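Student: Structure provided below as structure tokens; questions to follow.
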């Protein structure tokens, strides 16, 4: 094929590849995640995968077979295409990724921002400060900033690993192409202890590629002998990156220290003994090694996490010396047993996870052995760098043995992640050397076709295991906003006397994420439902509490883990079990309130007893008072008061006034070794803790569920609420009795008073007899009711005798209190009635005395008036006599005048 035709095909291929890539990203972007997805591979549109495969294939073919002119563009196309796979959580709008350690890292970042935790108190604050800085600059949330931090380290690795391979084997540019596609395999990711999610050690592993790159750039600077110890910019930068590695994760810093330390030792011995000439021209790394060693020592020496790890190693050694060694790789063995339980063989899962890694480890081993022969004598620089990396890998094997045989977590898988960075470089170099070796015999085109076919097979195998999915019997680690919102409601509205439980492990990771690590203690949220315990929550909860279930939990247990611990029947039973009530449901998160089953049975029995008592009391009052009790309890009836429905709780619909809280596995990530974000199938969990009575937007939908739908949830204690409801009902019956008695007595008293006022004074004796009879009747009714209530309470006490001592003691105290209150009230009523009767009698006597006095006064007044009248009459007679005498005198005068 002519060169011009090859170039034309390369151009067409590149154009088609970039178009396919652009459309693929657009397709993925237009299909955002709307909820939890068990597999990011299955949830992403098939068209995206087809177009990305076309873009990567175009890139691979053109980069390997198209010549140097378009090689860089082809590599760029391949890089952005594979990078889009890694960036799918961002492209498809994931809120957060990582349901284990990642949530704790998110909580630490919140603590740093809020000032609750100084940066220096975190063992590896590197990614946290990176995410906070990115959030401050861009305005993104911390959740999204963490996702971009992950992508930044992946991009760094994609750029630097091919450059490291070129420094190791600078003789052929083909090594850059092969190393680039080897990097696209993402071999450091094994989804057991390293992840494509916010995870300090995983990001530190990728950051290690920068340290290795600077190391090779520094040692390979060809300088005269006199200048080998002169400080350089690259050397200073190497020292700074060493310190930065400590901050990203001390365990990875230890791996880098082993690499630099062994390189420094080899350089020193080679110079002192005049042996191993391939190292003579290299710059020594004594200063950088010392800087890293001092920084690591000072950073971890007083850390409790480091001391705990050292203690674990000491216990392991003592166990072997005493003949009681721990189970080697116990966590892996436990996971293997779980896989066997669901019908998966160790061989199957090993091939899915580690087949490609094993191939590159084999290529690395062959290359390391080859450097010991004379075949590389003409390439001293390549030999020296291959041996540097080989020594760095072998130097970590003692740690691997301690991790494996000491059963210290799954740290050997973390170490494997670091070793795969070295294997990626050396494996790519070995493939390049092999292609160069077979090209003269089989032809360059055949070698190129072989390389293309190899990566066509290896890329899908590796990328299918990059994210957790049912393909490798793991759930996707997606964390939705609804999940975090649901847990936030549960934790912030909690009653601290109750517990919040979950399945498989407690929800303490989510508490770290939403409230911050400092705001919670791991043991508070470490409770979980035992295996197959969803159908028998009575054995899972000691009393009452809350059960948090997410879509992630359901999909993980039912699909990824094939109902290993929890079955479909168990999840279905939650909505059908009496006493298990849904209180929050937002689509991805559901919170159930689990009643105390013993208390619930007792409460039901007690409510039935009190219900019958209430009806009997009301019926009696109706008979005695002619319906006055009924009037008194109706709105506007009786005494004119209004009693609303809220005053009499509905025993069938009122949800329990209570709340609770809980949690699971300790945050092992806050240690020198850390913990894995993916919990094993057999992760152990125990302690206890609590959560809340939040709100919900969804109806329950089941006849047995009682659901709170208020916008402002409350947090009360259910046990106390049940007792309070029962006490309230008894009190209401007693109040109705008292009200009716008082009403009847008052009416009789009013009638008697009216009769007394209308009668003559001579009926006072009859009035007293009537009042006495009325009082005797009222007292008789009071005594009868008192005896009936005492009999009822005695019956209730007899029913409670079979209960435990605590309930008996509580009920007896309550009954005795009621008896005393009843007697006191009755005595008070009798005293009040006697006092009122005495006062009435005194008032009647006073009225009679007043009447008598008024009568006497009236008689006296009448007598006085009669006397006055007599006096006036006598005075009138005297006046008349005087008048007659005057007339006679006048007549006499007249007669005298006439004379």
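Cβ from N, Cα, C; glycine included.
Remember, predicted model here, so these are calculated numbers, not experimental data.
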Student: Under TrEMBL, which of the candidate ranges 306-329, 450-473, 474-497 is annotated transmembrane segment?
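Tutor: Of 306-329, 450-473, 474-497, TrEMBL gives transmembrane segment for 450-473.
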Student: So which range, 200-219, 500-519, 520-539, gets flagged transmembrane segment in TrEMBL?
Tutor: 200-219
Student: State the residue range annotated as transmembrane segment by TrEMBL; the candidates are 386-406, 554-574.
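Tutor: Here TrEMBL associates transmembrane segment with the stretch 386-406.
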Student: Looking at the ranges 103-123, 418-438, which is given as transmembrane segment in TrEMBL?
Tutor: 418-438
Student: To which of the residue ranges 125-143, 144-162 does TrEMBL assign the term transmembrane segment?
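Tutor: From TrEMBL, the annotated transmembrane segment range turns out to be 144-162.
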Student: Go through the chain and flag residues at least 6 beyond the ends of the transmembrane segment (174-194) whose CB is under 8 A from any CB in it; none is fine as an answer.
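Tutor: Residues 56, 60, 63-64, 71, 75, 78-79, 82, 86, 154, 157-158, 161-166, 168, 201-202, 205-206, 353-354, 356-357, 360, 410-411, 413-414, 416-418, 420-421, 423-425, 427-429, 431-432, 435-436, 451, 455, 458-459, 462-463, 465-468, 472, 474, 676, 678 contact the transmembrane segment (174-194) from elsewhere in the chain.
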Student: Using a cut-off of under 8 Å between C-beta atoms, tell me which stretch among 200-219, 386-406, 450-473 contacts the transmembrane segment (254-271) the most.
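Tutor: By the under-8 Å Cβ criterion, the transmembrane segment (254-271) pairs most with 386-406.
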Student: Could you give the residue numbers and ranges of same-chain residues that sit at least 6 residues beyond the transmembrane segment (450-473) on either side and whose C-beta is under 8 angstroms from one of its C-beta atoms?
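Tutor: Contacts of the transmembrane segment (450-473) (Cβ under 8 Å, skipping residues fewer than 6 from its ends): 38-42, 56-57, 60-61, 64-65, 82, 85-86, 88, 178, 181, 184-187, 189-191, 196, 339, 342, 344, 349, 352-353, 355-356, 359, 431, 435, 438, 559-562, 678.
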Student: For the transmembrane segment (283-301) against the transmembrane segment (46-66), do we get 3 or more Cβ-Cβ pairs below 8 Å once near-sequence pairs (under 6 apart) are dropped?
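Tutor: Per Cβ check, the transmembrane segment (283-301) does not touch the transmembrane segment (46-66).
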Student: Among the recorded stretches 73-97, 200-219, 231-248, 386-406, which has the greatest number of Cβ pairs closer than 8 Å to the transmembrane segment (46-66)?
Tutor: 73-97
Student: Give residue numbers and ranges for long-range contacts of the transmembrane segment (73-97): same chain, 6 or more residues beyond its ends, CB-CB under 8 A.
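Tutor: Apart from its flanks, the transmembrane segment (73-97) reaches 10, 14, 17-18, 21, 24-25, 28-29, 31-33, 40, 43-44, 52, 55-56, 58-60, 62-63, 66, 103, 106, 143-144, 146-148, 150-151, 154-155, 158, 162, 176-177, 180-181, 184, 186, 196-198, 459, 463, 466-467, 477-481, 484, 513.
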